[in-house]
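Participant: Sharing a structure below in C-alpha cells format, with a few things to ask.
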Amino acid sequence: YTLKCNKLVPLFYKTCPAGKNLCYKMFMVSNKTVPVKRGCIDVCPKNSALVKYVCCNTDRCN
C-alpha cells in the first residue's frame, strides 16, 4: 500500500515512495491559513517558532 498525498495545489496529488507514510502540510506561524508546502514525509518534523507542521496518515488528508 502506498499513500497518496496532496501537492501544494490540492487538485493534484502524488503517490508517496515506500517508507514515506505520512502526508504533511507546512505553515508559517505568522499565516496559518495558507500552507507553504505539502507532500510526503517519513517522520513528522518538529514545529519551530516560525514553522508549524500538520501530519496525517490517510490518503490526501493534507
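Using the three backbone atoms N, Cα and C, a Cβ is placed for every residue, glycine included.
Pasting the relevant annotations from Swiss-Prot:
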| type | residues | note |
| --- | --- | --- |
| DISULFID | Cys5-Cys23 | disulfide bond |
| DISULFID | Cys16-Cys40 | disulfide bond |
| DISULFID | Cys44-Cys55 | disulfide bond |
| DISULFID | Cys56-Cys61 | disulfide bond |
Participant: Suppose we draw a 10 Å sphere around the Cβ of Cys61 (disulfide bond). How many other Cβ atoms does it contain, all chains included?
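Facilitator: Around the Cβ of Cys61 (disulfide bond), 16 other Cβ atoms lie within 10 Å.
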Participant: Want to know which disulfide-bonded residues, from Cys5, Cys16, Cys61, are within 10 Å of Cys44 (disulfide bond) at Cα; which are they?
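Facilitator: The disulfide-bonded residues passing the 10 Å Cα test: none.
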Participant: Which residue among the disulfide-bonded residues Cys5, Cys16, Cys23, Cys44 has the fewest other Cβ atoms within 10 Å of its Cβ, if you could check?
Facilitator: Cys44
Participant: Between Cys61 (disulfide bond) and Cys23 (disulfide bond), how many Å separate their Cα atoms?
Facilitator: 7
Participant: Same chain only, sequence gap of 6 or more: which residues have a CB within under 8 Å of the CB of Cys55 (disulfide bond)?
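Facilitator: Listed in sequence order, they are Leu22, Cys23, Tyr24, Ile41, Cys44, Asn62.
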